[in-house]
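Annotated ATP binding site per TrEMBL: Lys8, Ala9, Ala10, Leu11, Arg12, Arg151, Leu152, Gly153, Phe154, Gly155, Ala156, Gly157, Cys158, Tyr159, in sequence order. The substrate binding site feature in TrEMBL is assigned to Met54, Glu59. According to TrEMBL, the transmembrane segment annotation covers 162-182.
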Amino acid sequence: MQTSISLKAALRERMCRLRQDQPPDTALEKSRVVQERLMDSACWREARSVALYMPFRGETATDRILRDAWQRGCTVFLPRVLPNAPGHMEFVPCTGREQLCTGSFGLTEPLPGLPGFGPGFASREKGGEACVSAPDVVVIPGVAFDRRGWRLGFGAGCYDRFFGASVFVGCCVGLCFAFQIVDSLSVDAWDWRVHALCTEEELLWI
């Protein structure tokens, strides 16, 4: 009988392969549609602060929503992996691409000298450490999602640890391609759900 860990590992391998095997032009066009669908939503249009990600290993692109957020004057937070704490990350407010560099594991991240915020910043109920306001919308990548909102990541646990420690009251949107949505994911105690899924085919509210 397969364990939850082995089931997740097999699905992770399959989805990563499917994502990497997409022709670049196809992935770019799908990413364009995904981002435009999100930008057309009320939750995005009304947001004044957003937390995004920089794509890695075939993830859905975020260039359009990042540019839109900066142009609208939103506060934009981007993730940075903590080099001395494996599996942990923080979010850093960034005002432009000049504040980004290649960081841990080849990820595009905020510059090391910029101040970041831990899990408390995502929670208005906890006061948010040193952050004036929690993000209205958090856009999250994933290797796979199911229609209940459960998420499968790369396996490092960064997002699980960050948002599992938060009482987040904003909107968490999983950004992915339609083929990354499966009927059901194996769920463990540390997993958590997003509020919506945005693909090139639909914006699904959970």
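Every residue, even glycine, has its Cβ placed from backbone N, Cα and C.
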Met54 (substrate binding site): tally of other CB atoms within 10 A of its CB: 21
Maximum Cα-Cα separation (Å), residues Lys8, Ala9, Ala10, Leu11, Arg12, Arg151, Leu152, Gly153, Phe154, Gly155, Ala156, Gly157, Cys158, Tyr159 listed as binding ATP: 20
Rounded inter-Cα distance in Å - Arg12 (ATP binding site), Glu59 (substrate binding site): 13
Binding-site residues: Ala10, Leu152, Ala156, Cys158 - member with fewest neighbouring CB atoms within 10 Å: Ala10
Spatial neighbours of Glu59 (substrate binding site) that are distant in sequence (at least 6 apart) but have CB under 8 A: Arg19, Tyr53, Pro141, Leu175
